[in-house]
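Working notes, structure below.
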């Protein structure tokens with residue numbers, strides 16, 4: 001087994017050949033590489049699958065052996081300095097490897113169909129493969145400096161993927177916002193790493209933990225303790241930015257401007273989990289500083305509540321899920337701050353699969369809506385224009401519903417087990433935090449079912465938008481850099497555009513991961529898959545052609561169905577079944593896996609729970625979630641609008657002082673939520689405008705004062721010289737007289753100054 005571990009360093013580099021080969025192909029055979037661009041999905045999935053096989057084998061060995069392996073190579077050795085690189089294999093690494101590879105493979109398969117119409121297909125897979133390489137290197141790093149290198153590579157890939165369609169101004173602004181916000185946290189992380197090295201003289205985790213503990217317990221110097229606390233806070237600031245925790249969360253909703261597969265991989269399962277990974281990796285260091293642990297829990301509970309409330313009024317389906325991600329990662333951060341290491345990792349796993357399912361489901365919905373509204377994210381992602389999709393996309397609907405129920409904490413789905421464990425632990429930590437956490441569980445159920453009901457229930461609202469004559473649908477393609485260009489195929493009609501397809505020059509292509517051949521129609525030099533049937537409706541004696549969303553193809557549905565299985569069964573790895581087993585059997589896989597980490601943290605490894613106590617505690621949380629679902633159903637389910645004609649609802653709806661006051665309160669809450677709590681506005685006014693004005697003032701001072709003094713001295717010398725030239729008349733005797741005169745004046749001034757100082 002140890003022989004196997006010696007070759008695991010290759011895990012981080014298995015996926016690297018894909019971007020290198022694509023780059024070489026574009027340089028040497030550009031035409032052939034572009035024509036055969038769809039084949040590059042296969043090696044991307046194949047190489048990541050090889051990593052997944054290694055990861056599964058590693059996961060099984062970790063469960064059986066409960067050991068930690070570390071291999072390092074010295075790169076630079078000096079008397080006072082040594083820099084080593086290597087890899088660390090422990091339970092945390094094995095969990096993240098499984099998470100990255102499984103979700104990554106499913107997203108790559110999904111992307112083969114989702115991005116097939118995009119001319120930047122090759123560029124997309126280059127970025128994705130390089131991101132997977134960076135993320136694998138991050139979780140296997142053996143020291144802080146190595147983590148920082150891969151941390152920055154992950155941030156760079158995130159910048160490239162968010163700005164994939166950078167010709168759209170809103171996309172370029174979003175990727176810049178993500179880059180700058182993460183640089184704030186990364187700068188703090190770098191300062192924290194350098195500060196820790198100055199204190200301990202090492203970057204290695206084991207050395208850091210031992211030296212740090214000795215400094216804390218054996219040194220009574222208050223100044224030294226404050227500096228150590230500051231370094232720990234700076235390390236935590238990097239995790240705040242990367243995991244979109246308050247107050248550096250503002251980049252995550254804007255990051256949804258990237259393609260939907262990116263949102264599923266980066267902003268649900270992997271990159272935002274990097275901050276959680278860093279805190280979990282450094283938890284033995286943080287746990288000896290109570291102030292830092294309290295700060296981690298405080299940031300977590302603020303993010304939990306803030307993310308849930310900001311999701312209330314979002315119209316964009318992906319932004320709503322983004323705020324949900326922010327809130328759920330807050331639960332994980334809260335668990336780490338409370339010291340519930342096992343519960344935090346458990347929720348990280350269950351949330352990653354459930355949220356990836358929801359993002360891929362939203363991508364399937366957007367993909368279906370684009371057939372009607374064209375490539376226009378403002379329309380295809382707007383839940384106000386959706387509704388009634390149940391009969392059109394039934395498989396997507398079921399998958400999305402299961403992901404929604406899981407996130408709401410409904411048993412027996414995955415997130416129920418992990419979230420309930422965090423909620424139960426919060427009671428023993430702080431009753432106030434527990435009340436907020438339980439209340440947010442109800443808010444989560446409310447806003448998630450709001451998303452579900454607006455999307456799938458009722459009628460397809462885009463038809464009513466078109467009927468009013470305000471909107472007209474167009475046929476869009478996506479250029480190489482994501483720039484939208486409309487191609488209206490037929491003369492616009494009042495209700496919906498009449499879409500016709502010329503089959504004269506159509507080509508048939510197949511996806512590597514598609515289970516049937518699909519036609520791709522060539523129209524005006526652009527390529528677009530038409531996945532929607534045309535339904536002919538007789539209307540006033542004439543025939544009109546309407547297009548409706550249709551279920552996505554199998555290549556998109558297959559990853560969603562696999563994630564459904566994870567959502568249904570992944571929670572079983574952390575359920576404490578031990579009291580029902582024989583003594584020699586242990587079905588609590590997660591607790592058994594985390595034995596080395598829990599021993600390092602000096603925590604109780606026996607997580608068995610009395611089932612009567614568990615059912616009693618979970619009943620309360622499920623009741624709160626059910627209440628949130630009920631409120632969302634009563635407000636957003638279409639049956640509510642039909643009941644408005646009933647007498648008792650009309651009585652409730654009558655205007656009065658109390659009703660007017662209630663409406664004002666609701667409007668204030670809605671505006672606060674829709675405008676993101678005015679946090680972005682505050683940052684724009686206080687930071688962006690402040691820095692801009694400071695830059696303008698600095699520029700003015702540089703041009704007018706600094707350059708003015710320099711140029712003024714030059715101009716003064718020039719004009720003085722010109723004046724003296726004409727006064728002297730060319731006589732040397734006159735020049736000597738002026739020279740003696742100025743020397744005399746200088747001596748008089750100097751003597752007066754000297755005498756004044758001597759008198760003092």
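Using N, Cα and C of the backbone, Cβ positions are placed for all residues, glycine too.
From a predicted model like this one, the values you see are computed outputs, not experimental measurements.
So that you can see what the record holds, here are the features copied from Swiss-Prot:
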{"type": "TRANSMEM", "residues": "9-29", "note": "transmembrane segment"}
{"type": "TRANSMEM", "residues": "39-59", "note": "transmembrane segment"}
{"type": "TRANSMEM", "residues": "89-109", "note": "transmembrane segment"}
{"type": "TRANSMEM", "residues": "125-145", "note": "transmembrane segment"}
{"type": "TRANSMEM", "residues": "260-280", "note": "transmembrane segment"}
{"type": "TRANSMEM", "residues": "329-349", "note": "transmembrane segment"}
{"type": "TRANSMEM", "residues": "356-376", "note": "transmembrane segment"}
{"type": "TRANSMEM", "residues": "398-418", "note": "transmembrane segment"}
{"type": "TRANSMEM", "residues": "429-449", "note": "transmembrane segment"}
{"type": "TRANSMEM", "residues": "556-576", "note": "transmembrane segment"}
{"type": "TRANSMEM", "residues": "620-640", "note": "transmembrane segment"}
{"type": "TRANSMEM", "residues": "734-754", "note": "transmembrane segment"}
- [ ] For the transmembrane segment (89-109), could you work out the same-chain residues 6 or more beyond its ends whose Cβ comes under 8 Å from its Cβ atoms?
- [x] 5, 8, 11, 41, 44-45, 48-49, 51-52, 54-56, 58-59, 62, 68-70, 125, 128, 132, 135-136, 139-140, 261, 264-265, 269-270, 273, 277, 280-281, 345, 348-349, 352-353, 356, 360, 513, 555, 558-559, 562-563, 566, 593-597
- [ ] Test the contact criterion for the transmembrane segment (260-280) and the transmembrane segment (734-754): 3 or more CB pairs under 8 Å, pairs 6 or more apart in sequence, then answer yes or no.
- [x] no
TODO: With a Cβ cut-off under 8 Å, give me the same-chain residues at least six positions beyond the ends of the transmembrane segment (9-29) that come close to it.
DONE: 40, 43-44, 47-48, 50-51, 54-55, 71, 86-87, 97, 122, 125-127, 129-130, 132-133, 136-137, 140
Open item on the list: Using a threshold of three or more Cβ pairs below 8 Å, and leaving out pairs closer than 6 in sequence, do the transmembrane segment (734-754) and the transmembrane segment (556-576) count as in contact?
Closed with: no
Task: Recorded stretches the transmembrane segment (398-418) and the transmembrane segment (329-349) touching, at least 3 CB pairs under 8 Å - done: yes
Open item on the list: Let me spell it out: take the transmembrane segment (429-449), skip the flanking residues so only those 6+ beyond its ends count, and list any with a Cβ under 8 Å from a Cβ in it.
Closed with: 297, 301, 304-305, 308-309, 311-312, 320, 323-324, 327-328, 331, 334, 338, 404, 407-409, 419, 422-423, 620-621, 624-629, 631-633, 636
Task: Beyond the flanks of the transmembrane segment (125-145) by 6 or more, those residues with Cβ under 8 Å of it - done: 8-9, 11-16, 18-19, 22-23, 40-41, 44, 47-48, 51, 70-72, 83-89, 92-93, 96-97, 100, 104, 107-108, 111, 151, 153-154, 156-158, 160-161, 164, 193, 196-197, 203-205, 208, 261-262, 265-266, 270-271, 274, 277
Open item on the list: For the transmembrane segment (620-640), give me same-chain residues lying six or more residues beyond its boundaries with a C-beta closer than 8 angstroms to one of its C-beta atoms, as numbers and ranges.
Closed with: 408-411, 416, 419-420, 423, 438-439, 441-450, 453-454, 457-459
